[in-house]
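Data block below; observations after.
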Amino acid sequence: MPAPASVPTDYWHRLEDGRLQCDLCPRFCKLREGQRGLCYVRGREGDTVVLYSYGRSSGFCIDPIEKKPLNHFLPGTPVLSFGTAGCNLACKFCQNWDMSKSREMDTLAAVAMPATLAGEARRTGCRSVAFTYNDPVIFLEYAVDTAQACAELGVKSVAVSAGYISAAPRQRFFHHMDAANIDLKAFSERFYKQICGGHLQAVLDTLCYIKDETSVWLEVTTLLIPGENDSDAELDAMTAWLREHLGTDVPLHFTAFHPDWKMQDKTRTPAASLKRARRIAMGNGLNYVYTGNVRDAEGGSTYCPGCGLRVIERDRYQLGRWQIDSAGLCCGCGTRIAGVFEGPPGHWGAQCQPLRLS
Ligand code: SF4
């Protein structure tokens, strides 16, 4: 089935001056006829706001779930990853800018209707589908339909998002997700405003919403950029906030930046900064804190908060020794390990396999 050129969307209203305001995200783009929003995949056509990327993808890959990163959601299993084009933030350091900043619908070469994606995930043995590479909130209608098609086949849905979404669509979007990794880009309004073109509070609201109002499994990622968001004071304030609002069991990933897009003047994140951030977060009482994008056996593994036993050994995306019983309890002391564990871990390993839809 070919992908539609556009589909109508729900979250917009008409302004007194005749423009249509998209209400999907806190940018609230005000659109005249033929105009597109900042995300470029939503725009005005006549008397409605439409989505242009429904059923279109920039490509597919079968990844380890740990690559999303999710360390406590069906560990060791394969996930069918895909994305579209566009983004509703404008991060100067974007590590996926070829897709997120794409204004070419050519990027979206692959047609992938929801039922096809769900069927392909099941055929290839993936336990879940991940909306990733670019932010899925901007293709909400497509993501929700795909998540519903997946649920019918017993395949879970994972959102990898910056959480920059308004309250009403937030409710609809996360109602259909089983797990989410939310990018908390920094803990300062300055960073969000100057470097991402957004606002911190909207993201904090999304984190609290997921934690308080849904059963979605939640993990959080912060990309540490030297000199921008990695001071001791900011990391201390961020992780104290996470503990207070999301609890001690929310997994937190500190990942390493490499110079990209409009931020070529910064250096790569030293491993020592990731380890320092991890120490600060654990000092604030978070139980599961990880370092990512670097080889760090200690910072990549999961430890029991009860007895300190290494319950999941990881070497980057490869699982090693597993010490959690079938009920999700630590084999050393019986403490429950937070997460979604359905029996023994998967054996997908570290491979990332490009996929062509059949
Ligand atoms: S989703 Fe896109 S069009 Fe809508 S407000 Fe956000 S950036 Fe603008």
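Glycine residues also receive a Cβ, built from the backbone N, Cα and C atoms like all the rest.
Curation plays no part in TrEMBL annotations; they are all automatic predictions.
According to TrEMBL, the protein has these features:
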- Cys87, Cys91, Cys94: [4Fe-4S] cluster binding site (BINDING)
- 72-287: domain 'Radical SAM core' (DOMAIN)
Request  = Report, as a single number, how many Cβ atoms besides its own are within 10 Å of the Cβ of Cys87 ([4Fe-4S] cluster binding site).
outcome  = 27
Task = Please report the number of other Cβ atoms within 10 Å of the Cβ of Cys91 ([4Fe-4S] cluster binding site).
result = 26
Cβ-Cβ neighbours of Cys94 ([4Fe-4S] cluster binding site) (radius 10 Å) = 19
